[in-house]
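First the structure, which I've put down as structure tokens, then a few questions once you've had a look.
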Amino acid sequence: MSYALSTENIPVVYHYFQDLRDPLNYGLYLLPCNGRAGKFLEEERLLSEYPIQGPIGFLEFKYKKRVYKMLHLNERKLKQLHTKSKLKLFLELVRAGNSDKINKMALKGVDPNFHDQDNGETPLTIAVTLGKSKCREVIITLVSGGAHLDFRNRQGQTALHRSAIVGNAEAIRTLLDLGASPDVKDGLDLTPLYYSVCNEDAAQDCTHMLLHERARIGMCDANGWYEIHQACKHGRVQHLEHLLFYGADMDVRNSCGNTPLHVCALNGQEACARVLMFRGADHTLLNYSNQTADQAATIAGNMQISDLILAHNPDDVGEWSGYFDVFVVPYREIPQYSQRRQAGGSLTPSLRALIRFRSDPRVNWAGLRQGDDARSPSSTTSSSMSPSRWRGGGQNGPVPMMDSDSACSVSVSSTGSGTGNSDMAPYNGRQGNGRGGYIQGIVRRAGSMGDVNLVGARNQRNTLATLVRVDSVPLNS
């Protein structure tokens, strides 16, 4: 049994603390004890990682501000440093990237946790918009001067959210190096990963970096749109590949019942539709209007995509369809994660392989028991490398370094129509082994995490609100 702080729903904070000024910037403060300075608890971090004394710990719920560790502070001088003119000067120094003068003002006692009166930004959210040559040094200077990594602007976004929105990979790398959580949520209950997948494919390093740092996949907005829906809507092929490689559910539905393939069909994103079918998406699923993806494409006037989906016949494996000849190709590799931060539970090799069901509907149960050596039940001609092994290519996307059957061979040919022929449809909970080794129905539907998330129950992360009792949950194998 353990205790953790959790606000899985950020709006809960608004509900209970709506009378407070800027409620999302309140946090739990650990008082000084045994020679240790006081500090605010970081979001998405376990209570057990803090030296809380005694059988009953004591924390204060207060507005986040700089924790001064210097002795003999002159409150009158501190007040003089925080006049409107001084704070405006501080923001100008941040925009100019003048880290030396920023450091001098911080040493005098300026608190960098405040909002610009004009646009509601914080010094840290402004710093992440600087160029690559300046942003890292300015960010480190601000954090060294007392800036909180999870201090939000008026829109409820942290510096990591802003970095993802502007596509600044250097800022994301710096913030993650400093310990920022990739799963931190903004006022809309969205993570940096959600915003990152909306950027151009040129900013795919941001998405890959967040996923490598164990960013949680499966956050949706108020309309039920997940990260993979956004990637398909905007035609972000490389972001889509990264999401699938790290286990995104390719058949997840939004509030209208549309799968990512429906979204591609409605928005004319042929390249993303090819990738989804190439990886085994179920094109027979209906949305809440009882429309398949090809019917949605026809209604939207995207006849090329409709023809592409109709020509996709899983029974005609290896036969020329008039478009292109392709198998359903699973990823050959298991995603590699950063070891510097704990996951939501330490995943065993079998669990990591189980998560792969989301993007590989043909992984069988026997393969799970092979641990790290688990591989998809396919030959070398029907498997492909991870998206991170691509090298930069031409205008249509990156060029694969090897393997002519990689996803790049599909996604780069975005002009013209085509279809992928799968040797099986995604498993739909039926019994039997099938040609490629289906999972038995008692395990779980391919493309679904099922109860795997329960393995991380004891490691639920903390944010701002109430203490939640978390009982250890046995993993259903």
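Glycine too: its Cβ is placed from the backbone N, Cα and C atoms.
As annotated by TrEMBL, repeat 'ANK' applies to 119-154, 155-187, 223-255, 256-288. The annotation region 'Disordered' is assigned in TrEMBL to 366-432. Here TrEMBL flags 376-388, 403-430 as compositional bias 'Low complexity'.
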Which residues of the same chain, at least 6 past either end of the repeat 'ANK' (155-187), have a Cβ under 8 Å from a Cβ in it?
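Hits for the repeat 'ANK' (155-187): 7, 10-11, 14, 24, 42-45, 120-122, 124-125, 127-130, 132, 135-136, 139-140, 143, 149, 193, 195-196, 199-200, 202-203, 205-206, 209-210, 213-216, 219, 461, 463.
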If you average per-residue pLDDT over the repeat 'ANK' (119-154), what number do you get?
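The predicted confidence over the repeat 'ANK' (119-154), as a mean pLDDT, is 95.
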Using DSSP, tally how many residues of the repeat 'ANK' (256-288) sit in helix, strand and coil.
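Summed over the repeat 'ANK' (256-288), the classes give 17 helix, 0 strand, 16 coil.
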